[in-house]
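Just below is one structure, and these are the notes that go with it.
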């Protein structure tokens, strides 16, 4: 589903590469943690998959498309295949929960009747039924993240990228979010989650990719966060 | 759904940057008023030319007795020479250019001269022999004066060929310079308008970066993301153009049709119908300018 072949990314000429000759393969339906200290290249990896950045060398292939040859007008079609969730939720403060989720469908031109049926479904799935008319500031952090996940998943993308989705949440709430991501993964969605949260990684026992200063230092099935922290 | 969504986005954008929107509207309004005024001035010049050139004639003055001119060393033009000129005017070379030739004798010239300067003492001293006979030639196309002048000047018995159009040249020069100046001012103002549109769109894009960021993330097409911004600029500039059209219409109505036409009734003047001709052009200028400015701005400041 996602494959990197010898990918390097250098932001400024002469600087240390953010990613250094990374090769990896993520299969359809996998749940993968990407761990590593700040500055280890986790975010760069996610940005390359979203094609917010282009690699300095090497090839990134996502959902069967080689991103180095993908013309820029096809990028929106690629991004419709990828849901993205962030640490800071990125909700629109002046829109209600329902509108925030519907926004993702409106802007890709989905018809109203479609929106009216799928948005309540996905809100129920993430456990926000009855809160459709709330605004983000009236919700707890965990609920806000659920809205963000609903928005990322409402279009049923085959890939869900999560950049430290539990970074702003307390352990109990984080656990709830992880259960939700696990459920999404069980529908066949490939989930890639960058995280610092060792407890979660150790509990979930999923595949772990560890990056350190831009290099892939560990790729472990049913892995743990790791000793060096 | 899409259209409704884009329209609501535009509405939000215009209201959020109300002061900038108003600035864009005013600046395009003023600059396009200048452009329109220049256009109307040119239409006025065209109308005057059509009207006046239709009335003017080419005068071919024949040699009078005792002319100091070298052309007329042989004395007054003889009847044979006059017949030769008539023949020339009928020739296939000149006949198609000419609408109506008319021969004015010395006596006729003297009579109209006396009529014109009736009561003036010095006019009494002029005699018939001081006057000169002339051909008055009305041309089909007044612009083709040169052809007639070329054929007739230097013929025996012809003293000089004069084009009455020369009288208007200085007036038209002034009017043309005025339009050039107006266009210059308009161009400057249009530059200001374009820069303002650029800044407005940048501000608008900045204030909605959260929305556009999410739109990019969920895979909205570039056109869909950028269209509201482009239309915002175009709508503001378009309102400016409509105001300019309205301003010119009122200006022409009150200044020209209702007032000047009462004072100066011997020339054709621009009317409201001419404004209706120019207004769509102004609108097109405004919209094209805004679209170009926004496309350039968005390409530079909005990452895809």
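Every residue gets a Cβ built from N, Cα and C, even glycine.
Bear in mind that TrEMBL entries carry predicted annotations, made automatically and left uncurated.
Summarising the annotation, TrEMBL assigns domain 'FtsX extracellular' to B:56-161. The domain 'ABC3 transporter permease C-terminal' annotation in TrEMBL covers B:185-300. The transmembrane segment annotation in TrEMBL covers B:21-43, B:178-203, B:223-250, B:275-298.
Under DSSP, the residues of the domain 'ABC3 transporter permease C-terminal' (B:185-300) split into helix, strand and coil as follows: 103 helix, 0 strand, 13 coil.
Within the chain, the transmembrane segment (B:178-203) has long-range Cβ neighbours (under 8 A, six or more residues past its boundaries) at 17, 20-21, 23-24, 27-28, 30-32, 34-35, 37-38, 41-42, 45, 229-230, 232-233, 236-237, 240, 285, 289-290, 292-294, 296-298, 301. Beyond the transmembrane segment (B:21-43), the same-chain residues lying 6 or more positions past its ends with a Cβ under 8 Å from any Cβ of the stretch are 14, 175, 178-179, 182-183, 185-186, 188-190, 192-193, 196-197, 200, 232-233, 236-237, 239-241, 243-245, 247-248, 251-252, 270, 274-275, 277-279, 281-282, 285-286, 289. Taking Cβ pairs closer than 8 Å, the transmembrane segment (B:275-298) reaches residues 28, 32, 35-36, 39-40, 43, 190, 193-194, 197-198, 201-202, 205, 226, 229-230, 232-234, 236-238, 240-242, 244-245, 248-249, 252 in its own chain, all 6 or more past its ends.
For the domain 'ABC3 transporter permease C-terminal' (B:185-300), the model gives a mean pLDDT of 87. Summarised by DSSP class, the composition of the domain 'FtsX extracellular' (B:56-161) is 48 helix, 22 strand, 36 coil.
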